[in-house]
Amino acid sequence: MEHNDNETIGSKGIKKTEFVRLLIESLSSLGYKDSKLSLEKESGVSLCSNVVSEFIDMILVGNWDQSLNLLRKISNLDECVVKMASFVILEQKFLEFLDGSKVFEALSVLRNEISILSVNESRVRELSSFLLCGEGVRSRAKSKRDVILDLEKLLPPNVMIPQGRLLHLVEQAIDMQRDACSFHNSLTGDTLFSDHNCGKGQIPLQTLQVLQEHQDEVWFVEFSHSGKFLASCSKDKSVIVWEVGLDGRLVFKHRLFGHNASVSCVSWSPNDDQILTCGVEENVRRWDVSSGECVFVYEKSDFGMISCNWSPDGKRVFTGFNDKSIVMWDLDGNELESWKGQKTSRISDLQVTSDEKFIISISGETMVLILEKDSGDERLIEEDHNIVSFSLSGDNKFLLVSLMNQEIHLWSIDGDIRLVAKYKGHKCSRFVVRACFGGVEQAFVASGSEDSLVYIWHRVSGELIETLRGHSAAVNCISWNPVNPHMLASASDDRTIRIWGLNMISVYALLAMFKGFEGWSTWGYKLMYDIQASTMEANGKKVEVKVPKGCLLIHTFWNFHVKKMLIMKLLKGKNTFGGVIAGNMLFHGIFLGSLGVYNGCSDVVKPGCSFSKAEIRVLDRAYSTWSNQSCSGCADFITSSDRVMIFYLDWNLHLVHMYAFVCVVMTVC
């Protein structure tokens with residue numbers, strides 16, 4: 001088939017020949033050799049010229065001399081490119097001789113072929129040293145495929161198309177669409193069949209739980225590195241450790257007493273088995289998370305501590321003092337090193353980078369100090385207004401600095417220090433208000449505020465995404481779960497901690513979907529979000545479970561038959577709910593039943609129980625008998641060989657004093 005090299009396709013004037021060559025390269029990379037040859041034949045377009053094709057074949061078989069000859073025959077190559085490509089080939093030839101103990105042959109290549117190129121002289125000296133090292137330099141030669149990859153970086157892309165180029169372009173497009181999306185916060189991959197499009201449904205905007213165990217203002221909260229625990233500290237001089245349950249709800253684990261002053265901050269050890277807590281200008285205590293016992297107290301006569309943190313390996317402890325110094329301790333309380341001078345301020349945060357190269361603290365009222373631990377070199381971030389707090393990003397590249405002028409500044413500290421973005425809208429003029437990074441790839445910034453709201457911005461664009469209402473006093477601190485991007489914790493002067501999760505789907509949207517169903521009403525209906533669980537008990541056996549995020553549960557106090565019809569319509573009309581594969585569970589539907597007839601069901605039907613199709617039919621029939629309504633239900637979705645698990649169970653008192661339940665039924669695959 002004849003082709004025109006100048007023919008274009010699409011609205012951007014993409015050359016058709018280049019596009020076809022990318023398709024051919026992709027087929028080749030994916031291993032579809034016959035399809036590659038067929039496309040080349042039908043289109044009349046070749047992946048590369050005959051000379052380049054033969055050149056690649058010679059590289060793959062290790063015929064280095066012929067490879068060099070063919071390299072010279074490739075048209076329109078700059079002489080410098082030819083020399084650099086020749087160096088790559090001859091270096092491989094040299095190393096293969098050396099690996100084969102052919103020292104004299106290797107020496108000849110170095111002297112007579114590599115040296116005369118007069119390129120990369122530092123590498124030539126390094127290759128020369130290999131001749132003196134004997135057996136110590138075996139297996140330095142690369143694979144033939146790696147040699148081709150090195151050559152692809154040197155030769156023009158129209159000569160040798162980089163492997164996976166089309167895939168790289170697709171990944172770039174996905175990244176650009178995600179970066180342009182203010183709401184992207186999903187761990188699931190994008191489909192190539194449609195453009196990336198997120199709504200606010202992936203942002204934790206809904207209060208799922210209110211924790212009320214503290215007796216005074218809650219000043220600080222922080223999730224553990226694994227996301228399985230939350231620590232909170234308060235003006236009431238206590239620290240509480242909460243555990244994130246399998247259902248996503250937080251349960252009280254320990255209350256830690258011992259401080260004689262209000263507790264201002266908490267730091268988790270790298271493996272989450274211990275925490276450090278700091279009393280205001282008092283001491284730092286180290287606690288065992290499992291037992292809740294204090295295992296050590298770090299203190300210094302006549303000096304109070306104001307901040308604390310761990311070394312990345314968990315073997316050392318860093319503390320900031322009210323004399324503006326920083327001290328590093330071993331776990332037994334021996335002072336290993338100290339940095340004196342203007343290293344901290346009265347209000348101070350203290351962070352250690354994950355490579356333990358830098359210690360970061362507030363130095364004076366308007367400066368953040370970045371101290372190189374080994375050399376003592378200092379770099380400063382200078383602000384025009386008083387600094388309240390700061391937060392270090394997970395990749396150690398950015399610093400989030402909260403200011404008294406009601407702004408949060410994002411600084412890049414990777415290399416040259418520079419201001420990247422500013423976030424505005426929250427209130428901060430009197431109290432210590434903390435902000436944090438969060439979400440997938442830490443794409444968001446969240447902060448407390450003196451107006452009792454939680455503020456969430458998109459990190460890159462600076463767009464204010466949402467303000468969260470619920471607290472009744474100043475919100476002091478925010479912590480975003482580092483593992484679950486859909487969980488956020490906020491601490492407030494109203495003595496509570498709020499746990500935020502994904503928002504409920506609008507009732508009005510459902511009303512629009514089901515308009516015309518007799519008996520449908522918003523009265524008594526409730527939409528719930530199920531947090532993902534990791535394991536569940538199924539008849540005494542633990543089963544790994546991954547539940548689809550955003551699974552809908554609808555429960556009411558009346559008209560179960562109508563509701564069941566609505567749910568089945570929802571499942572059939574929404575691909576995201578009906579028949580979703582998630583981990584090893586297949587989501588089938590919603591099952592309703594009544595305890596009024598199936599007496600004693602509360603001992604049998606519970607989350608984690610599994611049932612056969614026949615048993616599900618018995619429960620369905622019990623409901624039908626009680627309600628005097630035909631009720632073919634979830635059993636119709638199940639094959640005779642399946643057993644199903646009840647993942648969620650919700651009990652409600654019916655208007656006529658009959659108990660009823662709603663449960664999500666899944667097949668254990």
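Positions of Cβ are set from backbone N, Cα and C atoms, glycine also.
Sequence annotations record features per position, and here TrEMBL assigns domain 'CTLH' to 54-105. What TrEMBL lists as repeat 'WD' is 211-244, 256-297, 310-332, 468-503. Residues or ranges marked as transmembrane segment by TrEMBL: 577-598, 651-668.
Listed by sequence, the residues of this chain that lie at least six past the ends of the repeat 'WD' (211-244) yet keep a Cβ under 8 A from its Cβ atoms are 250-257, 259-268, 270-272, 275, 277, 279, 287, 289, 292, 432, 434, 473, 476-484, 487, 489-493, 495-499. Over the repeat 'WD' (468-503) the predicted model carries a mean pLDDT of 94. Summarised by DSSP class, the composition of the domain 'CTLH' (54-105) is 42 helix, 0 strand, 10 coil. Across the repeat 'WD' (310-332), the DSSP tally of helix, strand and coil residues reads 0 helix, 12 strand, 11 coil. Residue counts for the repeat 'WD' (211-244) under DSSP, helix first, then strand, then coil, are 0 helix, 19 strand, 15 coil. Residues in the repeat 'WD' (256-297) partition by DSSP class (helix H, G, I; strand E, B; coil) as 0 helix, 23 strand, 19 coil. Summarised by DSSP class, the composition of the repeat 'WD' (468-503) is 0 helix, 18 strand, 18 coil.
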